[in-house]
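To keep things clear, I will list the structure first and then write my remarks on it.
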Amino acid sequence: MVRLIHLIGAIILLFSYAYCGLSRLNEHDIEESYSHKRVKRQFERLGTKWSYGVVNYYYADKNNEIKEMVESAIAYIANHTCIRFNEDQNAVQRVQIRMQQNWLCQSTVGAPGMSMSKPIGELSMLVQSCDTIGSIVHEFSHSLGRFHEHTRPDRDNFMKVTTTVHEARPRPSGMTTMYGPFEHGSVMMYHADTYGPGTMDPLDMDYKQTMGNRRVTFYDMYKINQYYGCWCSKQLECKNGGYTSPSDCSRCNCPKGFFGNLCDERQQDSYELMAVNNLWQSITIPFAYKPEPGSDGFYSTFVYITGKANSTIEITLEGLQDVICTAGCTVNGVEIKFKEDSKITSPVVCCTDKPPYKNVFKSSHNPTIIELYSRTTLPSAVTFKYRFTNDKVVLG
């Protein structure tokens with residue numbers, strides 16, 4: 001009977017904190033109302049959430065260039081989640097952003113106030129060596145409660161980790177580790193050789209260059225929304241795997257490559273190709289960074305390849321021009337979205353001497369989307385060939 005009363009109280013409190021179509025829960029009240037052990041295990045460290053989903057912050061010093069990146073990271077998260085940011089040095093729960101004299105890029109996991117009953121205090125976020133907007137989104141994601149993707153409790157299903165470094169150990173599933181699929185391309189993933197060569201390899205080696213990429217993914221924001229209980233009272237009929245955006249309930253959050261309020265539009269300056277038969281067609285497409293409001297610091301050019309209904313679209317790369325080969329392909333690269341879940345990051349290519357450059361990519365998606373991304377104004381280009389087939393053809 002006591003547990004039933006606690007459960008009813010928790011439900012009442014949950015609905016009492018829903019406003020403007022969004023759910024922003026006060027974890028203190030829920031914990032006080034419904035605290036039996038099973039729920040504590042399920043929502044482990046729930047007290048590290050920011051109260052009502054509001055992140056209070058202030059700058060401890062000045063650096064206009066870094067501050068601009070911080071503000072862009074804040075805007076990106078706010079535009080895709082119900083999390084709100086408030087610049088307030090005197091808030092009882094706040095993060096101090098330090099941009100000088102530290103040469104670090106790091107943050108504590110979770111909000112200040114580790115006790116459920118006292119969500120107060122201050123933590124520091126060090127951002128002087130954060131060199132991309134995605135890196136700062138990574139640190140804010142820590143502050144919001146996310147651990148690294150490579151420490152998920154299910155990571156051994158996707159990676160072989162041999163390092164004994166303490167920070168690489170698997171984490172329990174209580175935070176945002178299990179609110180969406182494992183993703184090698186997550187902004188929360190380190191590059192494969194962070195702890196030394198061969199210490200953190202993906203089981204699918206085509207993903208090795210993808211690990212450590214600093215584009216913010218569809219699932220990166222989805223997991224935050226799931227963890228904070230972000231939702232809209234009215235759900236839109238979003239297309240292509242999108243969902244109603246808890247930042248603005250009149251539009252959808254869309255997977256990469258889909259645009260418009262309902263995710264049913266394509267990029268205006270995109271390339272649209274038709275695979276007309278099973279003969280290979282070749283094309284070279286240029287791409288480069290250009291400023292775009294609300295971006296994660298990268299600009300993407302999208303290619304849409306359409307084939308015959310129920311056919312397989314095959315794509316193979318023939319050349320990369322001025323695409324910079326780095327761990328994590330962090331400057332520019334090519335992503336052919338061929339995975340069954342088109343919302344998840346497929347293997348990224350930026351090196352001609354490493355997998356999966358020589359692969360024949362086979363996709364059942366119609367259209368199949370290719371993303372050419374860059375954060376440099378240096379003109380780059382990719383040459384590839386494509387076709388459709390009803391057979392699983394392997395090039396010799």
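One-based numbering along the chain as shown.
Placement of Cβ uses the backbone N, Cα and C atoms for every residue, glycine included.
Annotated signal peptide per Swiss-Prot: 1-20, in sequence order, evidence recorded as sequence analysis. Residues or ranges marked as domain 'Peptidase M12A' by Swiss-Prot on the basis of sequence analysis: 38-231. Per Swiss-Prot, N-linked glycosylation site is recorded for ASN79, ASN310, and the stated evidence type is sequence analysis. What Swiss-Prot records for CYS82-CYS230, CYS105-CYS130, CYS232-CYS252, CYS254-CYS263 is disulfide bond. According to Swiss-Prot, the feature Zn(2+) binding site maps to HIS138, HIS142, HIS148, an assignment based on sequence analysis. Summarising the annotation, Swiss-Prot assigns active site to GLU139 and lists sequence analysis as the type of evidence. Per Swiss-Prot, the feature domain 'EGF-like' maps to 225-264.
Mapped onto this structure are the features recorded in Swiss-Prot.
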| residue | record | Cβ within 10 Å |
| --- | --- | --- |
| ASN79 | N-linked glycosylation site | 14 |
| CYS82 | disulfide bond | 24 |
| CYS105 | disulfide bond | 17 |
| GLU139 | active site | 22 |
| HIS142 | Zn(2+) binding site | 19 |
| HIS148 | Zn(2+) binding site | 20 |
| CYS230 | disulfide bond | 24 |
| CYS232 | disulfide bond | 19 |
| CYS254 | disulfide bond | 24 |
| ASN310 | N-linked glycosylation site | 9 |
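Residues in the domain 'EGF-like' (225-264) partition by DSSP class (helix H, G, I; strand E, B; coil) as 3 helix, 5 strand, 32 coil. Taking the centre of the Cβ atoms of HIS138, HIS142, HIS148 as the Zn(2+) site, the nearby residues of that chain (Cβ within 8 Å, site residues left out) are SER107, VAL109, GLU139, SER141, ARG146, PHE147, VAL187, MET188.
In sequence order, CYS105, VAL187, MET188, ARG214 are the residues of the chain that are 6 or more apart from HIS138 (Zn(2+) binding site) and have a CB within less than 8 Å of its CB. The Cβ of CYS263 (disulfide bond) lies under 8 Å from the Cβ of CYS238, LYS239, ASN240, GLY241, GLY242, CYS252, CYS254, PRO255, each on the same chain and at least six residues away in sequence. If you draw a 10 Å sphere around the CB of CYS252 (disulfide bond), it holds 25 other CB atoms from the protein chains shown. Following the DSSP three-state reduction, the secondary structure of HIS142 (Zn(2+) binding site) is helix. Distance noted between the C-alpha atoms of CYS232 (disulfide bond) and HIS148 (Zn(2+) binding site) is 28 Å. The closest partner of ASN79 (N-linked glycosylation site) among the recorded positions, by CA position, is CYS230; the full candidate set was GLU139, HIS142, CYS230, ASN310. The CA atom of CYS230 (disulfide bond) is located 18 Å away from the CA atom of HIS142 (Zn(2+) binding site). A C-beta separation below 8 Å, combined with a sequence spacing of at least six in one chain, links CYS130 (disulfide bond) to ILE66, MET69, CYS105, ILE136, GLU139.
Separating the Cα atoms of HIS148 (Zn(2+) binding site) and CYS82 (disulfide bond) is a whole-number distance of 21 Å. Annotated pair ASN310 (N-linked glycosylation site) and HIS142 (Zn(2+) binding site), C-alpha to C-alpha distance, rounded: 42 Å. CYS82 (disulfide bond) sits 16 Å from HIS142 (Zn(2+) binding site), taking the CA atoms of both as reference points.
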